[in-house]
Each structure stands twice: as C-alpha cells, then as structure tokens.
Amino acid sequence: GFLCFALVFGALAQVVFWGFHNPTQVEDAVLDVYDLAYEWAARNLSGAPRQQLVAIQDTFLCCGKSSPFGLLGDVEASLCRGQQAARQDCLQEIRSFLTMHRNIACALTGTGLALTVYAMLLSSFLWFAIRSGGGLDRKCKYTLSQRVPGCQAAEPSFFRHSQDSPQLQPPTEADVVHGCPGARGPS
C-alpha cells in the first residue's frame, strides 16, 4: 500500500511542479486553437471551419474576438450576427473559463497531495506494527494468569458505590484484602 501511495504522490508532485513552471501553457494552447479556428472560418464562410467556430462560440457563449486594429472587417462581422453579436469576446471568456478550472484543479491536486501523505503515514504505521509483531501472529494462543486462592474477580471501580448514596466512589484500602484487589472486606 505504501508503494502505491508513494507512486501517486510522485505523480501529483510532478503535476504540481509542471503547474508552477508552466501556469499558462494550457490557456495559451486553447487560445491558439481558437485563433486558428477563427482564421479558417474568416477565410471559408461555409463548410466545416465555420461549423467548428460556431460550436466553440456556443460552448463558451461568446462571439468573435476584439481586434487591436479597430473595427472588424465585413467578413469578420458576418461571423457574429443577431443575438450572438451581443455576446462577450471569446478570448476573454475562454481565459476566464480556463482560469476558474485551473483553480479547481489546483485545489483538488493539493487535497490529493495531503490525503496521499496521510495515507502514506498510516500505511507506514501499519507496516511497522506488523513487522514488530504486535500480537497479530498470536491468534488463538491466549494464556490466563494464575488466580490467587480465596480472591474474587475484581470489580471495575466505576461500579463501586456506597450503600447510602448512588454516587461513584474511589476504592479504599478496605477494598483490598490479603493482596486481592477488588475483593471486599467485612462491611
């Protein structure tokens, strides 16, 4: 079990390492794919590229992208008409969507790391308990200690009470007779 948890810990540690060193790599790749689909759809107003762009825009509930050069051309303006034209810029929508999901993934990865470390500790304690022979191999080999003649079995202290009141009382010296704990002396 410990080795399995150690492998999971190694994998999660690699994910965290990659996430800290390349925090925007996935976001950049998705935005590049959208830019490429947008360019193809702007060149081919009919066919598969246009359908792919519409599918992406419907998924993220956005339309088009803001142009740094001012107004969009006629071809680009034809990609967003009607109700779609009122939607927000796709680059911003995709970026906010990926940021939210990256934060969720970071939280889940951190929780997974913490649980994996906890499981490794528990499995190592179990391993050491088994290796130290903590009574697991003594199945059906119980021994009873010798009873002193004339002694009664010990009564647990929380059942002792005086005859006058039902309050619990600690054992007294009179409770121990002839070295037999739990045996009652004369009342």
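Placed from the backbone N, Cα and C atoms, the Cβ positions cover glycine too.
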Per TrEMBL, the disulfide partner of C62, chosen from C80, C90: C90
Disulfide-linked residue for C63, taking TrEMBL as the record, within C80, C106: C80
Distance, C90 (disulfide bond) to C63 (disulfide bond) (CA atoms, angstrom): 6
Residue pair C80 (disulfide bond), C62 (disulfide bond) - Cα distance, angstrom, rounded: 9
Beyond the flanks of the signal peptide (1-18) by 6 or more, those residues with Cβ under 8 Å of it: 109-110, 112-113, 116-117, 119-120, 123-124, 126-127
Nonlocal neighbours by CB distance (under 8 Å) for C90 (disulfide bond), same chain, sequence gap 6 or more: Y34, Y38, I56, Q57, F60, C62, C63, G64, K65
